[in-house]
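Data block below; observations after.
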Amino acid sequence: MSLLQSTQFRPDRSANATRRALLRAWPEFQNPVAWLVALILVIMPLIANGFFLIEIFATTLILGVIALSLMFLAGYGGMVSLMQLTIAGFAGYMVAVFGVSGNANISLGWPWWLATPMALALATLFGTLGGALAVRTEGIYTIMITLAIGAAFYYFTNQNWAIFNGHTGINTVATPHFLGVDWRTDIAFYYVTLGVAAICYFAVQYVSRAPFGLALQGVRDNSRRMAALGFNPNAHRIAAYAFAAFIAALGGVLQVWNYRQISPGSVSVGACIDVLIIAVVGGITRPIGPFIGALIFVLLRTFALDVLIKFGLDGNRFRLLIGLGFLAIVFWSSDGVIGLWERWRRRNTSSTQRSGGGRHG
Amino acid sequence: MDSVAQRLSVVGAGAALELRGVTRLFGALAALTDVTITVRPGERRAVLGSNGAGKTTLFNCITGDFPPSSGTIRFFGEDITQFPPYERIRRGLRRTYQISALFPGLTVQDNVYLACRGVSRGRFSFLRPGQNDALMHATETLVQAVHLSGVKDQRVAELAHGQQRQLEIALALAGAPRFILFDEPAAGLSPTERRELIEILTSLPAHIGYIIIEHDMDVALRVVESVTMMHNGRIFKEGLPREIESDPEVQELYLGGGHE
């Protein structure tokens, strides 16, 4: 303690303070692992083939973005929303409806640069209205209301033919094509998803320390006290739903570009719950959690089939593996894989400090 | 009626806080019955009474945590009876809680920063405060004022009880308070911490009035100029500290009967 205080009186104190503030704001800047992961992600197209690039990594990033919107609501706002995938799916449907697709009787044929902002705006509105309903409740009732919205949307898309084209959905959705680049080719699309995911990740990280994010965490910890400090807790909750809805909508637009089609199966109740599983398995305390959860989910979904068959089991049982993993996480680490990793690292640093003496002191 | 001053005093413009016939029911139970109180700007008053006398309910009605079942509440002349709590706070009302109501997951600094932000603009700002942000300076000053600079980067969950009580007071001092409700600020404090608390209370700017609920007479009667005695949800007696202290009925009811 005395050591720490004496260092504060060194001449370059203000420069140090700025640097400390920067490091506190962006802790990953001093983490070599974060730099390594970022480098690998950027040069991924040199390492991975098209299958890995799209089916594993782009899919992970897209699911990660959608789960990130849930992490923002649940981690900082204490609101577990099961409708985040529904919002993403709504954005995807709107891209298909306003843009160009194989179903010319439904799609309006707008260019992508008009259809995409329209889809983002409508999906954000949808999420905000859903949020305005959900904030009237707390805890399990929030889950029930958002699940009800998700289920209602799923059945509505199944039965509505005029806009959503019923259970067949909308196929051969056009993808952006500009500056002479087809942005749906594997490498270009990988970079689009990586860029969007990075922006969303840093935006959530940044907002968590801005007044809006701090106030949201205050509402999570003690909403009555927040009102006694001059904040309108419900207005903050609804604004959080709007912000999360925009992130989920970005994920939804990427998803429809990825699969080039959207159908009720994409917004099923099961898929909604998958997003919850991804966020919880990864960890909802930090924005990186949903991406780790998404990677585990996608790897299991893609490869568990082969592994299971190798062991002479039914390949369709990969969900059993995911379910068991989910149970294990909920039992042993309520803050997900991130929590496991942090505890493991803390144990390691404390043991090296005991043996080798204070490298950090 | 006659003079302007009298007419103004009729609508309560001269009072910091004016409660008229405030009643609060919980089901069939009347926690407050027909409470009428007028507090001048800058006045410092203690509310005494045994457990269940309705003291905290009185605070909850004034801040809007629980709105009154009937009656009106005016704050500096404005009828705030129907206002949500945050609108009352933005007008300069503040309160502390009997059981610390803080944000355990956030640091001391973030707790105080939120309190400063809550009574200023930019509550929804997506931009992080910069190095020279005015509210950051206000935060720094407040943290110092309640002697918490040494622990400002610690999470509130890790603080000692006395420090949490001090933080509780800091949150009520943020911005430009005009009137503060202290709900048992000395609860669970050591004698040294009590002296610090008295120092903080007596050094508040003179224009800031407050009502303090406090069982410790040594604290309560040293920091106030008037006393309201409550019993079974009603106002039982009002007067100067020494009158109340020596009142035989009050002694019978409160200072005697089990209390030492």
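Placement of Cβ uses the backbone N, Cα and C atoms for every residue, glycine included.
Feature annotation from TrEMBL assigns transmembrane segment to A:33-54, A:60-78, A:85-106, A:112-133, A:140-157, A:187-204, A:238-259, A:265-284, A:291-312, A:318-341.
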Within-chain partners of the transmembrane segment (A:238-259) [C-beta distance under 8 Å, separation at least 6 from its ends]: 54, 58-59, 61-63, 65-66, 68-70, 72-73, 76-77, 79, 81, 84-85, 87-93, 95-96, 116, 119-120, 123-124, 126-128, 130-132, 134-135, 173, 175-176, 183-184, 189, 192-193, 196, 200, 203-204, 207, 212, 216, 266
Residues from the same chain, set at least six apart from the ends of the transmembrane segment (A:85-106), whose C-beta lies under 8 A from its own: 66, 69, 112, 114-116, 118-120, 122-123, 126-127, 130, 149-150, 153-154, 157, 162-165, 170-174, 245, 248-253, 255-257, 261-262, 266-267, 271-272, 274-275
Spatial neighbours of the transmembrane segment (A:291-312) far in sequence, C-beta under 8 Å, 6+ residues away: 55-56, 59-61, 63-64, 67-68, 197, 201, 274, 277-283, 318, 321-322, 325, 336-338
Proximity verdict for the transmembrane segment (A:140-157) and the transmembrane segment (A:33-54), three or more C-beta pairs under 8 Å: no
Long-range environment of the transmembrane segment (A:112-133) - Cβ separation under 8 angstroms, sequence gap at least 6: 81, 83-84, 86-88, 90-92, 94-95, 98-100, 145-146, 149, 174-178, 237-238, 240-242, 244-246, 248-250, 252-253
